[in-house]
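Undergrad: Not my notes, these are from TrEMBL:
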- 6-123: domain 'Phosphotransferase system enzyme I N-terminal' (DOMAIN)
- 150-221: domain 'PEP-utilising enzyme mobile' (DOMAIN)
- His186: active site, tele-phosphohistidine intermediate (ACT_SITE)
- Arg288, Arg325, Asn438, Asp439, Arg449: phosphoenolpyruvate binding site (BINDING)
- Glu415, Asp439: Mg(2+) binding site (BINDING)
- Cys486: active site, proton donor (ACT_SITE)
Amino acid sequence: METTLRGVGVSHGVAIGEVRHMGTAVLEPPAKQIPADEAPREQGRARQAVEAVANDLIARGNLAGGEAQAVLEAQAMMAQDPELIADVDRRIAVGSSAERAVYDAFAAYRALLANAGEYLAGRVADLDDVRNRIVARLLGVPMPGVPDSEEPYVLIARDLAPADTALLDPTLVLGFVTEEGGPTSHSAILARALGVPAVVALPGATEIAEGTVIAVDGSTGDIFIDPSPEKRAELTEAAAVRASALAASAGPGATSDGHKVPLLANVGGPADLPAALEAGAEGVGLFRTEFLFLDSSEKAPTEEKQVAAYRQVLEAFPEGRVVVRVLDAGADKPLDFLTPADEPNPALGVRGLRILLEHPDVLRTQLRALATAAEGLPVYLEVMAPMVADRIDAKAFADACREAGLRAKFGAMVEIPSAALRARSILQEVEFLSLGTNDLAQYTFAADRQVGAVSRLQDPWQPALLDLVATSAEAARAEGKSCGVCGEAASDPLLACVLTGLGVTSLSMGAASIPYVRATLAKHTLAQCERAAAAARATDTADDARRAAQAVLSGE
Ligand code: PEP
Ligand code: MG
């Protein structure tokens, strides 16, 4: 029987395929001395590794063609530079191992390049990549970074940073499994955006050997190693039955008695729009603009580039609603040119709106770009700030929006408990609230969203989190304003009913979750949702809250 492991399922569906590992940074090989008579063998090993890496780069260049081919061929030439190879040989002759000699020879070459004018200095990253590839090959560890594979695969990683995932080819990734991360980690968010099954917080995931065939059930969190043909058939059939039931759900989000709850999509940029439209999203509830900035982490993208990206998203929903979040840099989304390097606790430091208030030029450019992008479009634009702590933050953001001449509604994300507790005072400055339940859970439970060991506390069913949602929604209702949820909590169909019962006015999620949420919401009345919400809040644990809501909604 196949081995079964269990993590936390964070993106529905079943993926079956061979494992490829996300390579980690290459460690510095130890500086051990080798006996003189081993030198010729080590020199042979080094040459073979250099040849293999150069050939691989050339082969990948031939496949890619165009500009990528030129870059990969230039890298292959770096690897085969005769002086570099002679230096490696010399270092081995005086006692270095092959991997250490390559490491040191490249370090010397790197220093030369770095001081040789702007163009060559710009090639240092390429040189580092070549070095890492050769050293990884000599050490027998996976190549660093995104796997090189022409065949679709299941990606296994310790965790995935936004910068890594930007390089993934979505046509090749069948699913994800990560050792770290919780339901709100970027690996989980990305998996849902791509619509691929994913399991996170699986201890020992990175020990599953490269090439092993596994089945990932993103609904249950189960991983089957070497699944039998029967198990594969069983899993695939169950996923197909679920998918066809969902395909039948369409139209705007509403409870069975017609209480409307707009279902919106979370997007990272124009690339996510086709999936959002296909899922029938009624607009965008969270445009995470930082993905645009990750492409150019040395500096902010130009105003023109921003206008073009924003306009594409706005045009996708004519007469629909688009909620744009201004740049949320820091903590789990670091940006070299903005985030302080030496903070002991980046999640509690200068991040989100705090960074923008320290760099008003970046905020101003972004707001101006949004104003230009929206010009002449019938879209209903809303702009919100991440990490608003209090009324002072909310006012500073609203003032900046007004100064930029933005014709839009200004809002605040509720991600910090203080903002939920004093939501009414924040609503004196802004026109809507959007609950970022991922960070709200992180700060309510003092549980880092990137750490698998505390994923229990990231469970959005925690009654304390539901209390904060209720407080925010009640404040918005009292002020006659809206309060949506754009954190991952909205993508859990049962929890979406509970959030509706708590008074939340819209739900925004990765496009792939929309059909699930729509279908579940359509089965229950608003009164049932309210009863489920009250039952969940009356418990003391996330599991009990889930069970209590389930019992109400299934009519037990
Ligand atoms: C959140 O914190 O819930 C949120 C929506 O923002 P992000 O996940 O991008 O931090
Ligand atoms: Mg957040």
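The backbone N, Cα and C atoms fix where each Cβ goes, glycine too.
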Undergrad: Count, for each of the binding-site residues Glu415, Asp439, the other C-beta atoms lying within 10 angstroms of its own C-beta, and report the residue with the smallest count.
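TA: Each of the binding-site residues Glu415, Asp439 was scored by Cβ atoms within 10 Å; lowest is Asp439.
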Undergrad: Rounded to a whole angstrom, what is the largest C-alpha distance between any two of the residues Arg288, Arg325, Asn438, Asp439, Arg449 that the record assigns to phosphoenolpyruvate?
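TA: Farthest-apart Cα atoms in Arg288, Arg325, Asn438, Asp439, Arg449 are separated by 20 Å.
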Undergrad: Pull out the recorded positions from the set Arg288, Arg325, Arg449, Cys486 whose C-alpha sits within 10 Å of the C-alpha of His186 (active site, tele-phosphohistidine intermediate).
TA: Arg449
Undergrad: Let me check the 10 A CB neighbour count of Arg288 (phosphoenolpyruvate binding site). How many other CB atoms are there?
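TA: For Arg288 (phosphoenolpyruvate binding site), the count of other Cβ atoms within 10 Å is 23.
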Undergrad: Under 6 Å from ligand 1 by Cβ, which recorded positions from His186, Arg325, Arg449?
TA: none
Undergrad: Of His186, Arg288, Arg325, Arg449, the recorded positions listed, which put a C-beta under 6 Å from ligand 2? Please answer none if none do.
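TA: If the test is a Cβ under 6 Å from any atom of ligand 2, the answer is none.
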Undergrad: Reported as an integer number of Å, what is the Cα distance between Arg288 (phosphoenolpyruvate binding site) and the residue listed as 'active site, proton donor'?
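TA: Checking the Cα atoms of Arg288 (phosphoenolpyruvate binding site) and the residue listed as 'active site, proton donor' gives a distance of 11 Å.
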Undergrad: Please report the three-state DSSP label of Arg325 (phosphoenolpyruvate binding site).
TA: strand
Undergrad: Determine the mean pLDDT over the domain 'Phosphotransferase system enzyme I N-terminal' (6-123), rounding to the nearest whole number.
TA: 84
Undergrad: Count the Cβ atoms, other than its own, that fall within 10 Å of the Cβ of Arg449 (phosphoenolpyruvate binding site), considering every protein chain shown.
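TA: Summing over all protein chains shown, Arg449 (phosphoenolpyruvate binding site) has 25 other Cβ atoms within 10 Å.
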Undergrad: Express the distance between the Cα positions of Asp439 (phosphoenolpyruvate binding site) and Glu415 (Mg(2+) binding site) as a whole number of Å.
TA: 5
Undergrad: How many Å separate the Cα atoms of Arg449 (phosphoenolpyruvate binding site) and Glu415 (Mg(2+) binding site)?
TA: 13
Undergrad: Between Asn438 (phosphoenolpyruvate binding site) and Glu415 (Mg(2+) binding site), how far is it from one CA atom to the other, in Å?
TA: 7
Undergrad: Give me the count of other Cβ atoms within 10 A of the Cβ belonging to the residue listed as 'active site, tele-phosphohistidine intermediate'.
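TA: Within a 10 Å radius of the Cβ of the residue listed as 'active site, tele-phosphohistidine intermediate' lie 22 other Cβ atoms.
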Undergrad: In terms of DSSP three-state secondary structure, what is the assignment for Arg449 (phosphoenolpyruvate binding site)?
TA: coil
